Each structure stands twice: as structure tokens, then as C-alpha cells.
Amino acid sequence: MGAHSFMHQGLEYRPHIDGMRAIAVGGVVLFHFGLTPLSGGFTGVDVFFVISGFLISKTLYRDVAGGDFSFADFYARRARRIVPAYVAVSLLSTLAAGLLLYPHALRDFAASLLASTVFASNIYFYFSANYFAPAAHELPLLHYWSLGVEEQFYLLFPPLLFAARRCTRRRVPLLLAVVAVASLLSGEMLLRFNPEAAFYLLPFRAFELLIGCLLALPGVRFPAQPRIANGAVLLGLALILGGMVALSERGPFPGTDALLPCAGAALVIWGADRVRTGAGARLLSLAPLRFVGRISYSLYLVHWPVASFGRQLFPFAEGWEFFLGGVATSLLFAVAIYALVEAPCRRWLGTVPRALVASTAGLAVLAALAGTILALGGFPQRVEARVLRMLTYVHYRPNEAFRTGTCFLGPRETAESLRADLCLPARRPLAVLWGDSHAAHYYAGLEPPFAARGYALGQLTASGCPPLPGIVIPARPNCAGFNDFALAEILRLKPQLVVMAGFWSVDPAWLEALEQALSRLEAAGIPAVVLGPGPVFRRSVPLILADRQRAGDRGVTSGDELSAGVVEEIDAAVQAVVTRVPGARYVPVLETICPQRQCPLAADHVPLFFDNAHLTAHGAQVFSRALIARILP
């Protein structure tokens, strides 16, 4: 090879690893297209992290030990592997975004694209995450967060490994193990206080890649006995598949739960590295799995834009239609990108300068595109002024209406942040509104009619915290303390009425907690009114209205945009609980504000909802007329 060619050929081909890649990407894709039994399909990403750590470190250790390591060579290899398909998918996604997205969404897309060009998507989405952020399916490049984690790791790992070898060569394995354990434990602890950081940021994901790095250490012994090797592979597969079935995005993740897929991946790698004659290794080496494994990177890149833009194009696609169409489309795009971009570029970019220059040029083109879109505001001239006015409510901020920071707590605020003098007035008679954002959004509408009837209206609300004392919500670690405080204050003050509202669930534990809370209020002689679930729409209401105006449709009722079945099931379950408790009353919100399942979406040219379920201040005022008649009959 020439002086600037890559110094080494790749590692020995391991067909079982391609098979494991197929299972990993299959879990992710099937989960994202709605295959309900794979509630933990997202853990395929964790399997990828372990595989990546093993393969990259194997090459790295080999080159370092032979004295042939070159930083330029290492990063050129990474660029040749990662950048071509990423650039192709990003260009296609940018074209689709320009055709399909409204200006506000195109700006958000461009910002996420710009972050991805410096492999900082995980940091961008961490800082963008909030309760009222766009839904995941509205972010076509959300899945790039994992590329950010991986490339940040490989930016740091080689120089740190070099430094560690110079200081304490014999203790490198111990050092890697200590860092991995520290990453795991710190992530587990952080889940209670800042789950978004634990999910997105490298320090709390590093242990997954380090598991692969530890497996790749030169001194690791792989089993030579077929029985042990095959047992390890089969156990590893069971852990990977078990995690995809048993885990759920509702639970805390990653933390120690991520050990399930990571340990599974490690066992498969360990068991099949030398002995590949067992049933598990042969299964993973089947041609269809090897094929999907080879295109797994392209498939991962394309599947989420297909899902996201598919929802934009076909908002009413249901169940199997969306699943089959989305999976098939993703596979077709993945095969095309692998055949036309990924595989050829591995050959064409065969020298260090060519790989680095071409990759840098591709990233620069994407950055320029993103910067242009941002500088021009998402090209608002594409859209009529009346449609743009409706779209301003997509970025509606409910802080004033919800009394954020005063009587409505954010995800990381504790009950001590509540302003007791403002949230619990001393005047009597007193009513207290207790719950989550689905309680807080009523305050602006209910306070005036309560005041007109002589009541002071208190407010004890917190983001993501329905009024259920004793329930632990992993994504909202402050909820338990908040609800304990709220119930204690209500029992102490003995208001004349408590109005409870939240984003309810049919979870038996939640329903039991609601009944217990109502029973404690009843025992204290405090009347309670429970507001049932309100309407939940398929899409953000401002987007529904904007689409209709763009099409010349001035309709302002929900039509078929209301999510079918879900709210009615919750409504019936919560009502059944409330009717069992003497002194408690139930207000069916859906029936009250959406007669015959037709919900008003706008009044006086103003949306009544700012997303798919939360009321604007105007919406709260409009609906309060019907609600107050049932709350204070």
C-alpha cells in the first residue's frame, strides 16, 4: 500500500456478529414501527454499542501493540465507515423536510442536522428535551443521538488509552473496568434526578462501549469447549431477546437495566469468537441474518426518517398498514443506500487523505445546508400568512397560564419550590386544584368562575405527576415527594373542595393509588371532584388547523382526528374507581367538552389546544363554562 493508505486490513470476519447486528437493528426498527410485544426493542442500540466497542478496540489494541497506530488512520477509518451513509440519509431527509415540514419544524430539523455534523446530536436533544417539546415522531433525526454518543467515545478513547498505557500499562484493564463501573453507577443514580442526561450523555452510556472494549483486551480468554461456547451464545441471545420483550420505555433506562442487552451481547461475542459450530452461532450465521446485519447501519439510519415523515404523509395510517409499509420502505432504502453509497465508499475512500477530505466535505455541505435553512427561518414564504399565524401556537409557552415555577413544578423541581402564599390562599372557602399538567391547564379557565362563586382556588401541580400518592414514576423522580407534600397540605388545610386531574392510566397500581387518595380525603371530610381524561388527538391541534387552512378547509371540530378508544377505556376505569368512594364525584371531561366525540379545536380564530392534549389559556376559558357547571353544580 502507499504511504497514505490504510495500514491494516480489517479484522477477521465474524458472521455471528452480523447476525447479532440483524437482531439488534430488527428490534429497534420493529419497535419504532409499533410492534407492541417488542416493548424493549430500543435496547438494540445498546447491543450495537457493545459490538462497536469490541470491534473497534480489537483493531486499536492490535495496532497499538504492533507500534503501527496512527490517529489519522484511526479517524479516517471511522469516517469511511460512518460518514458516507450518514451524509446520504441526511441529504434525503433534508429534501423530504423541505417538502413536508412547516417553517418552524424545518428550523428544528436544521438545528438538529447542524448538531449532527459535529456528532453532538445527543447533546442537542438533551438540551431540547422538555415536557412540551415536539413528539419523538416529529423529530426525523432524533436517532442520530446514538451516533453522537459513539463518535464522542471514539474521539476520547484512543488518546486516553495512550495516556493510560504510558502511565500504567499493566493496569489498563483495571482502569477500563473502574471507569465502566463508575459510568454504570453514576447513570443509575442520575436516573432518579435527571433521566434525560442518563439517557443521552456519554458519561452515563460509556460503560456499554467499555464492555466491548474489555472483551477485546489481548488477555481475554475465549472458550474453546463447544458446550461452554454454545451455552454462552444461547444465554446471550436469551438475554438480548428477553430484554426486548421485558423492558419498556416507561421504565428507567439505561442504568442497570441496560446490563440485560449488554451482557447478552458480551456473552454472544465471548462464546462464538473461537467456536462457531454450536446451534447459537450457526443460527446467527444464517444468510438472511448476515444480509440484514451487513445493511444494519444503513437500515438504522433510514428507518426513523421513514417513520417520522411517514407520519407526516399518512397521519391516519393505522396498525399493520403503517407497520408493514414502514418496515418495507425502510428495507428498500437501506438496501439502496448500502449498495449505492455505503459499500462503494468503503472501496473508493481507500486512503487516509481521501477518506478525511471526502468526509469533511460531506459534513461541510450538510452544515451549510442547515445553516442556510436556519438563516432563512425555514423559508416561511412557502406558507400563507393565515397558516403561519396558526402555526405560532406550535411554540405556545403555557408558563403564565400554568403558573410555571410558582404553582406548577418542572421535572427537576421539588415541593419546596412551590410558593405556598400564592398556591394555597388563606381565604375561605378554598378549593385546591391538584395534579399534573392536565390539571394545571384548567387553572386559567377555572379560577375566574370559582372566584365569582366566592371561592379562592389553590393550585398544587407538577409536570408529569398525576395526583397519586405512593406511585413512583421513573421519568419523574420528584413526583413521590410532591404528591406526599400535596396530600399532607390538603389534609392540614381541609379545603372545601379538591379538584383532581391528571393524565390517567388503566394501570391497576395507579387506579388503586387513586382510590386510596380519595378514601383518605373522604375520611378527612374533604369533598373531591375527579376530572376524567380530556381529548387526545392524533396530532398537534395547531398543525391540524394549519393543514386544514392550507387545504381551504375552515372546519374547527375534531372530526376523525381524535385518538380512538384509548381515552374511553381510561375514562371508564377512572369513573369506576371514583364511584366506589362516597363523597367523591366524577366529571367526564371528554363527554362534557366533546359531545358526540366532536371536539372544538378553535374559537375566535385561536386554537383551544397547543399540542395534542393540552389546553391554551383561551381553551381553558372556553371549556370552563361547561366544566364549572359540573364541578360546582
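From the backbone N, Cα and C atoms, a Cβ is placed for every residue, glycine too.
Just so you know, TrEMBL annotations never went through curation; they're auto-generated.
Values in this document were obtained by computation on a predicted structure and should not be read as measured data.
Sequence annotations record features per position, and here TrEMBL assigns domain 'Acyltransferase 3' to 17-338. Per-residue confidence over the domain 'Acyltransferase 3' (17-338) averages out at a pLDDT of 93.
Annotation comment: TrEMBL describes 42-61 (among others) as transmembrane segment.
Among the features that TrEMBL reports, transmembrane segment is placed at 82-103 (among others).
Feature annotation from TrEMBL assigns transmembrane segment to 109-127 (among others). For the transmembrane segment (109-127), same-chain residues at least 6 beyond its ends with a Cβ under 8 Å from one of its own Cβ atoms are 86, 90, 93-94, 97, 101, 139-142, 144-149, 151-152, 155, 196-197, 199-202, 363-364, 366-367, 369-371, 373-374, 378.
Remote same-chain residues near the transmembrane segment (172-191) are listed as 161, 164-165, 197-198, 203-207, 210-211, 213-214, 217, 219, 252-256, 259, 474, 477 (criterion: CB distance under 8 Å, separation of at least six residues from the stretch ends). The transmembrane segment feature in TrEMBL is assigned to 172-191 (among others).
Marked as transmembrane segment by TrEMBL: 197-217 (among others).
If you look up TrEMBL, you'll see 229-247 (among others) marked as transmembrane segment.
According to TrEMBL, the transmembrane segment annotation covers 322-343 (among others). Residues 29-30, 33-35, 84-85, 88-89, 92, 294-295, 297-299, 301-303, 306-307, 310, 314 of the same chain lie 6 or more positions beyond the ends of the transmembrane segment (322-343) yet place their CB under 8 Å from a CB of it.
Sequence annotations record features per position, and here TrEMBL assigns transmembrane segment to 355-379 (among others). Residues 72, 75-77, 79-80, 83-84, 87, 90-91, 94, 98, 101-107, 109-111, 113-114, 116-118, 345, 349 of the same chain sit 6 or more residues outside the transmembrane segment (355-379) yet have a Cβ under 8 Å from a Cβ within it.
Annotation source TrEMBL lists domain 'SGNH' at 421-627.
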